[in-house]
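Heads up, the thing below is written out as structure tokens.
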Ligand code: HDD
């Protein structure tokens with residue numbers, strides 16, 4: 001095996017992989033992009049499987065058991081019994097000499113590493129990135145030059161506040177961290193699913209994080225922002241207002257990772273081969289559009305399936321429904337940095353897409369689950385400071401602080417300066433040709449007499465790379481300034497973009513924001529309710545009034561409007577999720593309610609239509625096993641009602657079959673199922689006698705003369721038209737116009 005290593009490493013360092021069946025023609029047209037063939041992957045030289053170079057490079061470290069393997073200690077000694085410790089006599093004490101016992105227990109005792117201080121709970125996947133057209137005019141970054149080149153990526157999604165064992169579906173920002181294994185080294189884009197941040201200067205980060213995490217005296221509440229400390233903090237730090245609007249919006253309760261946008265947040269620089277710099281903001285646009293859960297669903301899911309998001313990603317990848325985003329860039333010419341009326345270095349501000357359009361430049365596909373959670377997802381180390389030639393930092397004071405914090409964190413979390421040697425963190429190009437040495441858990445065996453720069457004994461090797469050889473040089477920014485501890489006055493507007501966000505929301509989204517603030521503030525002390533209401537008054541009077549009404553409070557006089565130039569735009573439609581894509585049911589889950597006597601033919605027909613469109617359908621019944629049917633083939637049950645509640649699904653179908661429907665009508669769990677799906681605005685379809693079920697539980701009128709509520713579909717039989725209508729409805733995601741009419745308990 002060790003002999004294979006050099007050959008393997010040589011192979012994986014060949015990182016320019018040309019997609020031989022790539023039919024991308026350089027156009028930027030969405031239809032053309034969708035028809036792009038997946039890049040051909042290269043076979044691993046160890047087991048012949050087809051994989052990406054990063055995944056292949058990890059093969060050396062993978063351990064599998066094969067037939068005939070015998071149990072050994074970590075020193076390679078075969079073990080005859082690891083189920084009984086060595087005792088002095090049958091009923092006597094355990095002996096210190098029992099090295100098999102001690103090794104097993106000691107390893108167990110040391111299994112944990114410190115969880116991340118923030119973003120502790122995460123899930124990740126491997127994949128690849130591919131640029132659509134060369135970006136040589138704006139950056140010399142090698143991985144952005146050639147559309148036929150694929151760059152392996154590893155992406156970790158996370159919640160921020162919760163502990164590693166908390167739930168996926170909490171109200172929180174989601175981390176969206178991407179490691180690009182480029183042939184010039186690793187580039188880490190450590191972003192979130194929201195385009196801005198809470199604070200402007202990194203020095204406030206410990207205060208912010210302390211305030212949002214569980215309170216220190218009793219460690220409550222877990223993974224929730226609804227508590228005194230956070231509202232004490234944010235009501236004194238008005239720069240948080242914009243981000244608090246996002247946190248109370250539907251962006252904080254995503255349907256899945258694959259329906260989230262991602263943002264690099266900070267303004268970065270792109271540098272081209274001529275040394276010209278432009279500012280850039282990075283965006284990830286999800287292929288499936290931006291969709292969210294509803295708050296009641298989130299809270300229930302946290303108990304019924306705390307792994308909801310990670311499970312959905314895992315199962316989608318296993319099913320071949322790969323997760324996909326397009327990379328977008330907002331480019332700002334150096335001379336235009338002060339053009340938009342706010343400071344592009346202020347991370348509490350976004351650049352509205354209506355002012356600077358997002359140019360779509362490439363796509364990322366996540367198509368492989370990790371083999372081992374700890375080795376990959378837990379040990380992956382993202383560093384904001386990981387950039388490659390062609391990309392550079394800006395003076396955003398939040399970013400500047402992050403450049404220090406991430407390396408510092410990994411040193412503690414992963415136990416020393418050699419964490420870059422962990423399999424998941426290793427670049428796929430040469431990366432150890434330097435004179436750094438030693439440290440805890442060093443794996444590289446550096447050969448030779450010299451370990452210093454600049455030596456003559458070893459002919460000065462390794463030599464510094466010139467820019468022409470790809471050596472990194474920082475952008476030569478002209479600086480002439482006083483050293484100050486303070487903030488630029490261009491950072492002092494804390495409200496206009498919070499108002500822009502509010503103005504850009506649809507009525508439904510606004511009502512969700514009002515509900516979220518009302519929910520959170522109902523849980524904090526009166527003083528913080530009052531202070532937050534004052535802050536909201538500076539965002540929008542109606543917002544503040546509606547929250548105040550829900551809290552039973554009176555608003556005081558409206559604080560003076562901020563002075564300063566009026567914003568260039570007051571509404572940004574691109575911020576509203578209502579304007580997102582609704583054209584796919586890939587990875588969507590449909591529950592088919594069934595019981596003995598149900599119409600098996602209708603189930604088979606609808607299931608096939610859902611699967612053909614990329615979704616999945618499961619038969620959920622009061623009991624497991626095979627159901628008797630009124631027509632078609634007997635039906636295998638996928639799960640029982642109580643273990644597969646409606647909150648796990650995107651839509652519900654009730655087939656016909658008089659006996660089956662009668663059984664469902666008499667089953668409280670089935671009735672609750674449909675009512676709950678209804679109040680979560682999900683599409684519900686019923687055919688033949690299934691329609692009676694809907695009238696029996698009060699969702700449609702018994703006479704069936706009234707128009708159906710939005711998102712409910714009925715038919716006498718499962719026709720092609722019915723199937724198509726239902727598939728389109730699932731793609732619509734939710735029917736929020738039920739919102740104000742829903743009086744259904746569930
Ligand atoms: Fe951070 C982790 C994103 C500000 C300090 N951060 C972390 C992760 C993400 C972000 C996605 C998890 C990475 C992973 O999956 O391993 N953080 C952000 C974004 C920010 C931000 C988008 C603002 C734009 N962070 C920020 C500041 C500081 C930190 C201002 C400190 C000055 N962040 C950390 C950290 C973490 C971290 C403590 C915890 C675990 C880790 O780094 O690896 O260093």
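Heads up, the Cβ atoms here are built off N, Cα and C, so glycines get one too.
Marked as signal peptide by TrEMBL: 1-19. Positions annotated as domain 'Catalase core' by TrEMBL: 72-461. What TrEMBL records for 119, 192 is active site. Among the features that TrEMBL reports, heme binding site is placed at 406.
Taking the C-alpha positions, the distance from residue 192 (active site) to residue 119 (active site) comes to 10 Å. When pLDDT is averaged over the domain 'Catalase core' (72-461), the result is 97. Cα of residue 406 (heme binding site) to Cα of residue 119 (active site): a span of 12 Å.
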